[in-house]
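What follows is a set of notes on a single structure, which appears directly below.
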Amino acid sequence: MAASFALRSDRWIVIRRPAFHPPNLRRTNGLLRLRRPEVKPSSGVEGSDIDVVSGKERNGALTGLKDGEDVGIRVSEGEGREDDKLRWPPWKGLPQRYKLIGTTSLAFVICNMDKVNLSVAIIPMSHQFGWNSSTAGLVQSSFFWGYALSQLPGGWLAKLFGGRKVLEVGVLAWSLATILVPFVAGFMPGLVLSRILVGVGEGVSPSAATDLIARTIPLEERSRAVAVVFGGLSIGSILGLLFAPPIIQNFGWESVFYIFGLLGIIWCLGFELVKEKQLSFGDESIFGQGSKPGSSGLSYPTSRRISQTPSLTELGDSLKSVPWKAFFKSQAVWAMIYAHFCGSWGHYTCLSWLPTYFSEELNLNLTEAAWVSIIPSLGSIIVTSIAAPFADNLISNGVETTTVRKICQTIAFLSPAMCMTLSSIDFGLPPWEIVIILSGGLALSSFALSGLYCTHQDISPEYASILLGITNTVGAVPGIVGVALTGYLLDSTHSWSLSLFAPSIFFYLTGTAVWLALASSKPQSFSERE
């Protein structure tokens, strides 16, 4: 099935799909030829002849293809080629799955912008309303209540209605709830409820994105797709921390909620355009019959979709059809659950307490502490850009998927554990060296995007959204318990090493042991095991 490319590889599309024979495809002079003026192939060329070359060398451009194994599609040379014209918008020629992944990543950028905006706005809000630290902590933690409660429902809804629809509703919900904050800020129950709603909207999004990736992205591209989508969280943290302070200083704290919330509504309008184009592309796909809209012709297990106006009976039956018992009988699922909890403990406690640590323990002023807090997110972007192709290349070269996931997740756990250990020991290092050590360790934890966060799709594309809902529910617990416990331990021990670093190191190490012992990316048919 090997194929070699000598000339103009950008003009070729190679399909690795057995027995590729669309109904209107005919053989002419040793070539399979298809004319579909309405087709919009991945190269972005519209209204052109398409040569489907099989087992022949054509002008030295494509060799080594076998009929029924590898099929190369080349857009014919000729007059009126679309690529000879100015293409606008610039992303017009991108494959639909790339557009889908790009817009989903943008949703995650907005997601974290709306998550961190309160961490900046809470300071002027506390001054205006006379809140003490306990009250401010209550307001900030209320987000995680909604986030934890919506994980399983989000996974279930993504399986029923599709990840795209659930993601769109989630973004709209958290954006409207964000805009609502200034109106209810003076009424504590209303403010808490608004932040819970933000958590609910953002809580369904990871499962929705996981469903999208599992159903539209092939295995050899999955690490990069997960990295691009969930990497948007790091970019969102950076943008939120960068833009929220000047917006608040110039226009008031209310403005940051209006502006960031409006971004989500604009995203929803743009996402509608991507969805419509994808449906049109899928319906007229040249990849053969039976392709789902937006599937890019990939053959993955498909879950049962219910009607547009489901009855309570249909919803109940769909919930009963989920193989819950089979999930919890799987060692791989338990490995994902514990690994998600361990990773979230280190992430959420550091996200909440590192600015205070930098300010108090390392004697940095508030401005320095705020800027330093961005460094781990910047490092995560760099690490993700390396980890994702690293994992995909290993899989493409024949390394077992389980081995790749274990390697990546081990790096994600042991790196911050080692760096926290070095920071806990008094070596007399200057503050900025400790900042670099901690930031480097936390950045390397982004290898989890090519480890744990790909495993849900690896073992079951059909139930990937529900599996992530299960693990993310447990993973949200440290946001509620871990952050508060760290503060309690800090008041009791007055030691950052014992309160912040020691628990995280413990969970990183035990998470590594459990992951190496039990994790697996081998596909599992849960429905058959119940």
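Residue numbering: from 1, along the chain as shown.
The backbone N, Cα and C atoms fix where each Cβ goes, glycine too.
TrEMBL labels come from automatic prediction, so no person has curated them.
Marked as domain 'Major facilitator superfamily (MFS) profile' by TrEMBL: 100-522.
Per TrEMBL, transmembrane segment is recorded for 166-185 (among others). Beyond its flanks by at least six residues, the transmembrane segment (166-185) meets 104, 107, 110-111, 114, 117-118, 125, 129, 154, 157-158, 191, 193-195, 197-205, 207-209, 211-212, 253-254, 257-258, 260-265, 267-268, 271-272, 275 of its own chain at Cβ-Cβ distances under 8 Å.
Taken from TrEMBL, the feature transmembrane segment covers 225-244 (among others). Residues of the same chain lying 6 or more positions beyond the ends of the transmembrane segment (225-244) and with a Cβ under 8 Å from any Cβ of it are 101-102, 104-117, 120-121, 206, 209, 213, 217, 256, 260, 370, 373-374, 377-378, 380-381, 384-385, 387-388, 446, 449-450, 453-454, 457.
What TrEMBL records for 256-274 (among others) is transmembrane segment. Sequence-distant contacts of the transmembrane segment (256-274), counting only residues of its own chain at least 6 positions beyond either end whose CB sits under 8 Å from a CB of the stretch, comprise 96, 99-100, 103, 106-107, 110, 113-114, 117, 120-121, 164, 167-168, 171-172, 174-179, 181-182, 240, 244, 247-248.
Under the heading transmembrane segment, TrEMBL lists 333-354 (among others).
If you look up TrEMBL, you'll see 374-395 (among others) marked as transmembrane segment.
The transmembrane segment annotation in TrEMBL covers 407-428 (among others).
Summarising the annotation, TrEMBL assigns transmembrane segment to 434-454 (among others).
Residues 137, 141, 143-145, 147-148, 151-156, 158-159, 203, 206-207, 210, 322, 327, 333, 336-337, 339-341, 343-345, 347-349, 352-353, 452, 456, 459-460, 496, 498-500, 503 of the same chain sit 6 or more residues outside the transmembrane segment (466-490) yet have a Cβ under 8 Å from a Cβ within it. Here TrEMBL flags 466-490 (among others) as transmembrane segment.
What TrEMBL records for 496-519 (among others) is transmembrane segment.
Residues 339, 342-343, 346, 387, 390-391, 394, 434, 437-438, 440-442, 444-448, 450-452, 496-497, 501-502, 504-505, 508-509, 511-512, 515-516, 519 of the same chain sit 6 or more residues outside the transmembrane segment (407-428) yet have a Cβ under 8 Å from a Cβ within it.
The stretch with the most CB contacts under 8 Å to the transmembrane segment (434-454), chosen from 333-354, 374-395, 496-519, is 374-395. Below 8 angstroms of C-beta separation, residues 327, 373, 376, 409, 412-413, 416, 438, 442, 445, 448, 452, 455-456, 459, 467, 470-472, 474-479, 482-483, 486-487, 490, 500, 503-504, 507-508, 510-511, 514-515, 517-520 of the same chain, each at least six residues beyond the ends of the transmembrane segment (333-354), sit close to that stretch. Taking the domain 'Major facilitator superfamily (MFS) profile' (100-522) as a whole, pLDDT averages 83 in the prediction.
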